[in-house]
Amino acid sequence: MGSGRWVDPAPLEVARPRLPWWTMLPRWVKLVLVPVALVIVAVWVAARVVRVAWFYPVSVVLGLLALLLYRWGGLWLLGSVVFVVGVGLFVWWWRDKPRFDVWLRWPRTEFRRVAVYAHQWRTVARLSNLTASAKGREYLPRLRRTRSEGWRDRVRVRMVKGQAPEQWEARASGLAHAFGSRSCRVRVIRPGVIELDLVHSNPLASPVALPAMGTESGVDLRRVVVGRTETGKPWRLRLLGNHLLTVGVTGAGKGSLLWAVVWALAPLVKAGAVRLVGIDPKGGMELGQVPEVFDRVVYDNGEAAVTLLEEVAAEVRTRAATYRGVRRLWARETGEPFTLLVVDELADLIAYQTDKRLRERAQTALQTITSQGRAPGFGVLAFVQDPRKEIVPFRNLFPTRIAMRLDEATQVDMVLGDGLRARGANAHEISESTPGVAWVKVDGQRDPVRARAFHVTDTNLVELRHYITGGSATIVPFPDRAPREIDGGTAA
Ligand SMILES: Nc1ncnc2c1ncn2[C@@H]1O[C@H](COP(=O)(O)OP(=O)(O)OP(=O)(O)O)[C@@H](O)[C@H]1O
């Protein structure tokens, strides 16, 4: 400075202020555009209000009512009404909890939406890598409708364009933890929209009681009720035009499913419209409890069992030949009975059989029945403990596959089909304390269903026996009951 020489100042390192483009417009254009802008803002605000009212109707209505009461009668009136309503709700909950719970789902839905999902959605989506970006813009999956049903929250999501449900399935476990639930399942609703089932508790924790014996006209072979699904609906199985394979470790509750089916069919069995044929390679431990319900039953896996299978296979071929060109599916009007072949331990018959020739004969007969039997009114209800391909090589011939409690995670896809474990069908996680719980996969339906078979007790089996024999059966204690009673106490 002292030298009097001029020194250039350092260039200012500030960004040049950038004004929005519309500020450059001429004044008259701005004046013309003001009403248009106001309309756009009003529409946007109205859309936000409608959105809030749509997602939080109960809160909006209650809030407006509270405001009205406050304006009209002041704080005292509002406080008194809140007190009276609170007492009324308590009495309702106390006197009629089930119905109260049903009504409670609306406020619960809104509370959980705001407190859990809307609140964390953006963060969880980002941390789970479920967002996308293009040209510097971030695309978020959109949170749509939510429903809280007590045991689970259903959260509907519009995926980001280009996303696949499989990406969500791969992150299901992380999403469950992030939203504080026990598990998360992904269901496809329609293209681009999925629903997350965030499960908090097990609605199938208590046994489902067997209903009273039905009537002949009440049984539909396309929708036989054998238990309850986790949504509280009846668990219906299609027997006509179908074959069912049930897999589960010992004690998984396969017996209860078997007897629940027989119980449901009993009125038709008695009327002669349904015929049951049974093979119980375990020496009659299971089917021997009510042998009268079977038209023919064999208690081993040897020559007699294989011959019975071959007889049924021959009947299938004969009946199929008479149907050719005449009818496509069995109906009761044909006068011939619908035949259900019940095999309690399929592996004993077609895999563990020591005699190779018998094994091959059994496999051939069973393949004939499963591949040709559906149209002429033959169904197979088979149970097995081990689902490996070497044990049941033709699992694909069973359109309905049921996984009860399994030993290993890898068995889930073996039983239900590829990718079903990723979709949440964790049959290997079914608790030992909930026998009868199963995951059911029906060919042609994408999502598996979780259900629990009716609990069939020894008393029910005695009743079944009486019903079939018209009360003439002599009820003698089953000779081999002791070990089973140590196992669990009841027959099923
Ligand atoms: N649906 C059910 N609800 C409640 N308890 C059940 C149900 N099914 C079975 N149980 C109980 O679980 C125990 C084992 O059931 P079950 O004998 O049917 O199993 P399983 O799979 O047939 O076994 P195994 O292969 O050894 O015959 C029994 O004590 C039975 O009372």
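Yeah, the Cβs are placed from backbone N, Cα and C, and that goes for glycine too.
All annotation found in TrEMBL is predicted automatically rather than curated by experts.
As recorded in TrEMBL, the features of this protein are as follows:
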type     : residues                                                       : note
BINDING  : Gly248, Val249, Thr250, Gly251, Ala252, Gly253, Lys254, Gly255 : ATP binding site
DOMAIN   : 232-413                                                        : domain 'FtsK'
TRANSMEM : 28-47                                                          : transmembrane segment
TRANSMEM : 53-70                                                          : transmembrane segment
TRANSMEM : 75-94                                                          : transmembrane segment
- Message: Taking 8 Å from the centroid of the Cβ atoms of Gly248, Val249, Thr250, Gly251, Ala252, Gly253, Lys254, Gly255 as the cut-off, which other residues in that chain fall inside it around the ATP site?
- Response: Gln385, Met404, Arg405, Pro435
- Task: Fewest other Cβ atoms within 10 Å: which of the binding-site residues Gly248, Gly251, Gly253, Gly255 wins that one? Let me know.
- Result: Gly251
- Checking the binding-site residues Val249, Thr250, Ala252, Lys254 for other Cβ atoms within 10 Å of each Cβ, the smallest tally belongs to Thr250
